[in-house]
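To start, the structure itself, in structure tokens.
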Amino acid sequence: MTLLAKSLEELTDWVKDQGQPAYRGKQLHQWLYEKGVHSLADISVFPQEWRSKMADYPIGRSLIHYRSVAPDRTRKYLLKLADGLIIEAVGIPSEKRLTVCVSSQVGCPMACDFCATGKGGFTRNLKAHEIVDQVLTVQEDFQQRVSHVVFMGMGEPLLNIPEVVTAIHCLNKDVGIGQRCLTISTVGLPHKIKQLAEHNLQITFAVSLHASNQQVRAKLIPSADHYLLSNLIQDCQEYVQITGRRVTFEYILLAGVNDLPEHARELAKLVKGFQSHVNLIPYNPIQEVDYQRPDEKRIKAFKTILEQEKVAVTVRYSRGLATDAACGQLRSSVMVQ
């Protein structure tokens, strides 16, 4: 088995199976999650003979294939997995926190019209250790503890719930990040929101809405053809009832597509009446598509309408624009080179 993303109990059972005393499990746990070891051969508290014997045993760490740094100190990583596939992770520093944006899949099958990742197709789900590794890699590179993790990188997390939930538990219990500092973002899939809710996680849950009516959403998100907006909102209301946690709606503003005053009023009607918050995200243009970012006047007007309708709303801007750091962009640009 791969050791990363395993609990203290699982690691203790493993060392005992290898003929080692149980206390080695606690040592292994510490070296994996606190010291960030990449090889069992580097665990100095282990007997030299066993270290040499187990030197090639898979821990589950990946290699940094490419790294770029933006003027705002955002760092974008391409990580090479054990099978040679490439995924993205982003480290986003601010004054009092370090946030990591992680991928949950290699590529993405959702094929959203405005997304660079979707243009590259889908290969496979990530394993839990490949998700946790992204966080540890960024933490080591910054030499600073990660405070927040957002599942907003490559892939649709709700198509990989077992591995994502395992990673969530590991990041919480083993890496030491509070569940409320962990965010899962989804475009929404039938039955999957309730399935996630039943895990009773105290995470932040975000839905990539991006449209205020069915017609526009189906154009932007092909899967919306099979999942009506009205049903998505009902599932979000049920999520709030089950978990007691609010839903955050992510809304990318696309000039002339979903940023008109009538869209703002439609959006307000959708999200009022239950615990929710709207994040407005001005679009980060990519070469593959023709969508554009609205001007600041249009962004402010959209936000003002929501505020007048008593909707909790925040405008959030993408970090790392100078280094293709919005989701999917760096991988697509580097793979073309």
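Placed from the backbone N, Cα and C atoms, the Cβ positions cover glycine too.
In the three-state DSSP scheme, GLU88 (active site, proton acceptor) is classed as strand. The active site, proton acceptor annotation in Swiss-Prot covers GLU88, and the record cites sequence analysis as its basis.
Residues annotated as domain 'Radical SAM core' in Swiss-Prot, with sequence analysis given as evidence: 94-324.
Feature annotation from Swiss-Prot assigns disulfide bond to CYS101-CYS327; the stated evidence is sequence analysis.
DSSP assigns CYS108 ([4Fe-4S] cluster binding site) to coil in the three-state reduction, placing it in neither a helix nor a strand. The [4Fe-4S] cluster binding site annotation in Swiss-Prot covers CYS108, CYS112, CYS115 and rests on sequence analysis.
What Swiss-Prot lists as S-adenosyl-L-methionine binding site is GLY155, GLU156, SER185, SER208, LEU209, HIS210, ASN284, and the listing cites sequence analysis. Summarising the environment of GLY155 (S-adenosyl-L-methionine binding site), the number of other Cβ atoms within 10 Å of its Cβ, over all protein chains shown, is 31.
Taken from Swiss-Prot, the feature active site, S-methylcysteine intermediate covers CYS327, and the record attributes it to sequence analysis.
Across all of the domain 'Radical SAM core' (94-324), the predicted model scores a mean pLDDT of 94. CYS115 ([4Fe-4S] cluster binding site) is surrounded by 25 other CB atoms, counting those within 10 A of its CB over all protein chains shown. In the structure as shown, the Cβ atom of ASN284 (S-adenosyl-L-methionine binding site) sits within 10 Å of 20 other Cβ atoms. Around the Cβ of CYS108 ([4Fe-4S] cluster binding site), the number of neighbouring Cβ atoms within 10 Å comes to 26. Checking each of the recorded positions GLU88, GLU156, SER185, LEU209 against CYS108 ([4Fe-4S] cluster binding site) by C-alpha distance, the shortest gap belongs to GLU156.
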